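Structure first, then comments.
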Amino acid sequence: MLYYLFEYWENKYDLLGAGVFQYISFRAGMAAFVSLLIALVFGKKIITFIQNKQIGESIRDLGLAGQMEKKGTPTMGGLMIILCIIVPTVLFAKLTNVYIVLLLISTIWLGFIGFMDDYIKVFKKNKEGLQGKFKIIGQVSLGLIVGLTLLYNSSVVIREYTLADGSKSTIQSSSVYTDVESSLTTIPFLKNNELDYGSISCLITDNCTPILYVLLVIIVITAVSNGANITDGIDGLAAGTSAIIALTLSIFAYVSGNAIFASYLNIMYIPNSGELVIFGAALMGACIGFLWFNSYPAQVFMGDTGSLALGGVIAVMALAVRKELLLPALCGIFLIENLSVIMQVSYFKYTKKKYGEGRRIFKMSPLHHHYQKSGFHESKIVTRFWIVGILLAILSLATLKLR
């Protein structure tokens, strides 16, 4: 919104300083600042409003240290996160950019699914929340929208350079280029690190690229959003981890959306993707601002309203910058938490069937509860998980050069 206003003032009145809004770095910095400001100024008021509506967390006694003290803590704090994402993005991003539109839709879409889940838990006194099938339907529907848009929208392109022998390359090696719609993505750590989903689909059957790609998008969005949801089990873990991931994806978006940096790093140039930095900055600011109130001891929980939205937009952002195959590393905390639940449940069922009694791999799942049961304090678990998250982020950024 402000981008267009200041562009108009610059063109119409030659307003001094208006041109600064042309710079992605400035708008990203302002988006992060405003996002943090909204959280710090309005956060307490939002928490008070939630408390007045008696929207408190109901706690099931799992025998964890300090667990029952959290009973009644306001939940649905994800509304604060969503507000802190949407307002700065609308103010500072180009609202005609297809990637920004997709991410705003994803934020609201998954936020609504999470809100309905929290609403049923709190007001209908149903601990199961929204039925799993409805969550899946919502995530699959969003996956269809995102997948088809990324595949067929004319603004979603990569730059292909024409070499002297007539061959094509995404690495800048000539001054002759065309921006083309493509299903290319990148594979981390490989020298020739480009993968065309179209070439995989040809091994299965002809003309099945759209089906394969959309299916992948659905899986990625569902897996990452559910991973963030499972990770949100102790104070500050999901918010802090998401902030680290948001910063990393913003860096990927910046270098991929800048022709000079893309050429220097020998990576795929993705026109229009630089605008994702503004959204990523707002996302990071929202997570850090939320941490002000969610760090131990938490004054508010994000609930599914926040966790599903966070995981979903992280997935969509990674798909937009064609780094979805890097997500197992970048979102390693989400992955480990998810796997710990799958392993625990599967092993319990297997041993119960084979030996007549269920056995466990971990003292409790997800993994953060295992460490709680082992006597570690919440703050220590969260801090160490953040450190691992930072290491994974650095490893992910290293793929820009290590291949």
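Just so you know, glycine gets a Cβ as well, placed from its N, Cα and C.
Per Swiss-Prot, the features are as follows:
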{"type": "TRANSMEM", "residues": "30-50", "note": "transmembrane segment"}
{"type": "TRANSMEM", "residues": "73-93", "note": "transmembrane segment"}
{"type": "TRANSMEM", "residues": "95-115", "note": "transmembrane segment"}
{"type": "TRANSMEM", "residues": "136-156", "note": "transmembrane segment"}
{"type": "TRANSMEM", "residues": "210-230", "note": "transmembrane segment"}
{"type": "TRANSMEM", "residues": "242-262", "note": "transmembrane segment"}
{"type": "TRANSMEM", "residues": "273-293", "note": "transmembrane segment"}
{"type": "TRANSMEM", "residues": "300-320", "note": "transmembrane segment"}
{"type": "TRANSMEM", "residues": "325-345", "note": "transmembrane segment"}
{"type": "TRANSMEM", "residues": "380-400", "note": "transmembrane segment"}
Which of 30-50, 73-93, 210-230, 242-262 contacts the transmembrane segment (325-345) most, counting Cβ pairs under 8 Å:
210-230
Decide whether the stretches the transmembrane segment (273-293) and the transmembrane segment (30-50) have at least 3 CB pairs under 8 angstroms, with pairs required to be 6 or more apart in sequence.
yes
Below 8 Å between Cβ atoms, which of the listed ranges 210-230, 242-262, 300-320, 380-400 makes the most pairs with the transmembrane segment (73-93)?
300-320
When you look at the transmembrane segment (242-262) alongside the transmembrane segment (380-400), do they share 3+ Cβ pairs under 8 Å, ignoring any pair fewer than 6 residues apart in sequence?
yes
Do at least three C-beta pairs under 8 angstroms join the transmembrane segment (136-156) to the transmembrane segment (300-320), pairs 6 or more apart in sequence?
yes
Return the stretch with the most CB pairs under 8 A relative to the transmembrane segment (210-230), choosing among 95-115, 242-262, 300-320.
300-320
Sort out the residues at least 6 away from either end of the transmembrane segment (95-115), same chain, that have Cβ-Cβ distances under 8 Å to it, and list them.
1, 4, 76, 78-79, 82, 85-86, 89, 130, 134-135, 138-139, 141-142, 145-146, 149-150, 153, 155-156, 221, 225, 229, 272-273, 275-276, 278-279, 303-309, 311-313, 316-317, 320
For the transmembrane segment (242-262), give me same-chain residues lying six or more residues beyond its boundaries with a C-beta closer than 8 angstroms to one of its C-beta atoms, as numbers and ranges.
24, 28, 159, 172, 228, 268-277, 280-281, 283-284, 287-288, 291, 310-311, 314, 317-318, 320-323, 330-331, 386, 389-390, 393, 396-397, 400
